[in-house]
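*Asks:* Found this in TrEMBL, in case it helps:
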- A:354, A:412, A:415: [4Fe-4S] cluster binding site (BINDING)
């Protein structure tokens, strides 16, 4: 019998490697994990309030950056924020970060944007680090090979005070995405196909590594989209091993290491990918070679189908609880079983969010909008000021404006509607965001999730349309 | 944080799979300070009609459940947004424990920071409890954290809980104080870490 390898030589997953490198101490099965980087936004006020009430100080201000994203207006910024409640939260972040000495990208700073867009864009997010933020879509940053997860306000307070967090070692799960993704499809189609297959609770309690040829073939933007929605499958975190795509994306970004530091960092990053033979608690395979552009019909991200599908009939479900919940979802969405998805008409289109507000997303949407006219109101919200500027330099803003789309300032906007960008009850949106929950885009509002190409195609036809067949539509 | 003590209280069943935190408290109520209280907006949009009148079919609006302190929910309860306000809303509305087969990870953690106990039991046991509660609206459950049991009449269910979280909840301990006891370990960790990863300290 071969003796087991010494503990340090056991094949490890990338998740194990990052975890092991961040253990400060362990107690009662819980680990005190060192936090490298912390992102803060305008919803962080609960944490700062509590910190102040307890008379505590921010331990490592240099390891955080902050920016308002949830409550910022997407129009008329030169007039300030008209709604006092929102203004107070955005101003509160300015005051709290100034007092703590934390770098803040204010509303008039071109670097301002959605935290999950700006972290990677600034090179603040790096492979092998532990990154946290008081927002569930922090899983996004895993696309760069970081162990990144969303936390609650009390945990934000804890990280501010101690630069560490108590965690239980997550179970590991690998999702192998096999096959060659059809031309024109992207990260959003992959992640909707995954959640459709494994369900919204399918990765509960796990940190997920996405692997396989279809993942390796994705651009950095596509990978960020996939990892962004890990939380919608119930995962604590989702990540992708860093490779040359990651390193090329990072090189030269403001917070990325430079010169000899870059070489040292690169050597470390190259050691991160999962060792051959490492064990995962669970492995799932999703083949994407034959998928069509994906979209959701219900009120959970698991309610995803290809555009050539039809609204399903809950009556065919065996589980009575599931049958009732899907029946209620259809009632809320105002849909009848059997309706072809391509016949469903939309009232609003939203292109943006931390899922799909990157430059590649805007290019994909603009390619569909070019030379066409929107039939319904459509909103395009860049994920950051720098992306907005880049899109303008490429003339994408003009494409959108000529097609009758609105071109707005960066923020979370109509993904969650906290800044007032919402739609009224009964209205139906084609949205590039991440959640189709009841009331997510406004009380009684109906949300369908899809890629930027699909959302733009819905805008120019007024109904869900396979963007690849637009010329025949 | 208040100490978690054994409770015997009315339990309300909620038959919704994947009940997300947007449903528990919609985004538009999140701008309130903690001191303003979140209880009145718990399940706001599924609990009240357009004019703010309670919807009679929603379980928590039924007179039998008006004093409920325990919620018996379904799979993947409180998935979605990390908003701790979802726990604030439950807590401020009087809830001290939730029982479900699984939870959104972040919500689960948030509960322990606010004196609310999230209990995990197998799906079939949770379904049986919900059915029993629905058959006798207003009946009670006993949640004993010390002994890690849920009791209904002669039925007893045992649950697992992390020892550290259990202790913090039973004692009402703040985990920052607990962490600060590890200052020395933190100091030596950071020293080694910075030596191993000099690029992490490189200026922006």
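Backbone N, Cα and C define each Cβ position, glycine as well.
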*Asks:* Determine, from DSSP, whether residue A:412 ([4Fe-4S] cluster binding site) sits in helix, strand or coil.
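*Replies:* In the DSSP reduction, residue A:412 ([4Fe-4S] cluster binding site) maps to coil.
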*Asks:* Counting across all protein chains shown, how many other Cβ atoms sit within 10 Å of the Cβ of residue A:354 ([4Fe-4S] cluster binding site)?
*Replies:* 27
*Asks:* For a quick check of understanding: among the binding-site residues A:412, A:415, which residue's Cβ has the most other Cβ atoms within 10 Å?
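*Replies:* The largest 10 Å Cβ neighbour count belongs to A:412.
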